[in-house]
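Structure record follows, encoded as structure tokens.
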């Protein structure tokens, strides 16, 4: 059969001479695609600059719709006739309304009735306060608008008054939830009150709007009653008949445990469309059907979150921008072409803000909030956004309002929503929130601001020569793989019975002494950080933080483990963007008064818990693990700002888990380049005659290697060693490494501590380190964008950025270090002499010497079932000049590129960089002492 010309021309083809933008009713897809690309692209472009002003995305989408309409680009004849011809708007409106139904379904899932139940009194009072006074103000303004602008005399005056009152009183709950989340107010008093009141306000507003539409569509009062009764009946059917059946299907398909199945998602879509159909045919708008369908979705086991994750991207990325464009095409700012129009627009804006703020603030103040908190609640409740736009479009479609009044309220929605975030930041800044929180906790007096310190003085570690015991520990839980090393470290620090370590090589497991116990009060706080995105599912999680905290598997495992070890445990779950992870850690450490903070190092260079990467971490290169700029900045910012002691834990099998890292001796044993003759060419003073030998495998013992170079961070690290050694499963080797300029004999250092042997000097052999560093160099050259050759790098950093310790400071520091280590060792050896060894070493290359000693000691204890741990001081605030010169000389000998290494050095310190490059098979804990000074 032949093909007709009509059939051929029904499709758009550029080779047929047809324009792709020409509307063809038989094949409208081409123009629809063009419209989608322009609308979505315009919304995204506008959001880029507005996001820097902390404006929600809805503002960019509303403005984009207005600019695409007759107010701006629509004035261009070619643009309006070819991109948005009137005939094509039918398809655009259909797609946008389908998206709107599903968006209201998502909004319904965001509404959690349990929030109102938990805070019923404040939700009811603030909700009514933010509803009644604005409604009355809206009715008053409606009287003037009707007299001045309303030219549709067919609309009942009561209907017009109810609609304007509803437009005044409704709050944009979805936008409000996002603003609260971004401002980190969701878990504070202000956020809780606003969220619970906003839910109630939103629901009452939708009921009023449904009543208004029913009155418009009804031909008589009796029909309006029928519409209202049918609407209530459908709500009761959804709650008491359909919801139990739906929950039973969800349980039967195991969708609560494993996430919604395809069958359940299909049933959910059928429920949304069916509910929209019912509400439409009974005389109410179909969007109410989608909203009611969302309300009955259960929040058990985060089921609502999982359903939202299935549908939100398509709705928010594609359909919502189409709706804003459809609304913008009806908005014509040029209609406000006289002073009276603008005067009434300003009147609407001021009336909305004043009535919302006064009504909400008075209700909040009655419930016991401070005036500043109350006014903040009022400003937040005046947020309009998308919900206001939906209400206005419904009224315009129903001919309740005309395009001029519609435009006035659109301007009101844009201004009130855009002013919300800046006003809250101005009225309720972070410092005031912290002051209120501390005042309510009884830590300060409101008038005198007299702080009651509950934790140890931040300089205790630095100035005291007496060992300090840590009683309050905080750990950061970003990712699942952080749990094993943190559990192992807490187990070593915990005051429960443990296997006692012994230096004897012939000790068998059955003969180990397990009677030694530690009586150290230890409280552990776990901070679980979850990345906050712009997704609606993330907002639902945040709004139900209490439930998420209970259900989060990582937090539950952590709490259970700590309790099994008979320790006090507390935990908190925080949602934040990756850029705000460090500030969240800093705030939490300050809030709980932590004495020591443990940060696990990421195994693949990322910060947040991204499960889809879990199978890619095996192939993570050294560069990915230790030189990722974003992760290094995250750790460094915490080092710079937290005033308590900090430890960064790099796991290499501390918990007995498999660590996928290349330990090929031909590539990674940096210390193999240090001659074995080193081990006999240094001055040694030992506190024990027992040397460590290989133990029986899998006996649960741990060995700690600690090179003490000196300085406040090393003294803080020695405090940690002092507390760890009280665990009978731990043995410790401490090397007091002193840097010297040249070979000396009969060194006078530490002669008072014990009998001294003849002192010998130690100098580096004339060998290069190219075997390992050449491989490392290749990785940096291929992965890093900026390279700096060793010849361009100074041997010392700029003194304005890092304060290198001078020779005179070194002597004073050395004396303080010797006194501190003597005090610690005298205390330790009274109880744990069989498990502790101290050796004092003089060396011209202290860092190279430390690597060689670490290799020797770790190899001796490689069969310990628990593994080995190297503890290092960060020493970045006041770097030791000898250590830095030694490191730079080591790297310079192999033309090591410092573009990435210097970043790692700034983050973790000189000695940590050397030990990481050497890839010694042991976990590493880098410690910084408490201080308020900034790091380099």
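Backbone N, Cα and C atoms are what each Cβ position is placed from, and that goes for glycine too.
Unlike curated records, TrEMBL annotations are generated automatically.
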Using TrEMBL as the reference, determine which range in 58-78, 289-309 is annotated transmembrane segment.
58-78
Would you kindly list the residues that approach the transmembrane segment (58-78) from elsewhere in its chain, counting only those six or more residues past its ends and only Cβ-Cβ distances under 8 Å?
38-39, 42-44, 46-47, 50-51, 84, 172, 175, 320-321, 324-334, 385-386, 389, 410, 413-414, 417-418
Under 8 angstroms for C-beta pairs, at least 3 of them, ignoring pairs fewer than 6 apart in sequence. Is the transmembrane segment (123-145) in contact with the transmembrane segment (408-431) by that rule?
no
As a test: from 29-46, 90-111, 157-180, 192-216, 263-282, pick the stretch that has the greatest number of Cβ pairs under 8 Å with the transmembrane segment (375-396).
157-180
Have the transmembrane segment (29-46) and the transmembrane segment (157-180) got at least three CB pairs under 8 Å, pairs 6 or more apart in sequence?
no
What residues in the same chain, six or more past the boundaries of the transmembrane segment (157-180), come closer than 8 Å to it by Cβ-Cβ distance?
56, 58, 107, 110-111, 130-132, 134-139, 141-143, 145-146, 150, 186, 191, 194-195, 198-199, 201-202, 205, 208-209, 211-212, 215-216, 351-352, 355, 380-388, 391-392, 395, 400-401, 409, 417, 420-421, 424, 534, 536, 539, 542-543
Give me the stretch from 192-216, 222-242, 342-363, 408-431 with the greatest number of Cβ pairs under 8 Å to the transmembrane segment (317-336).
408-431
Positions whose Cβ lies under 8 angstroms from the transmembrane segment (408-431), at least six residues beyond its ends:
53-56, 58-59, 62-63, 66, 167, 172, 175, 179, 182-183, 185, 190, 327, 331, 333, 336, 341, 344-345, 348-349, 352-353, 372-373, 375-376, 379-380, 382-385, 388-389, 392, 401
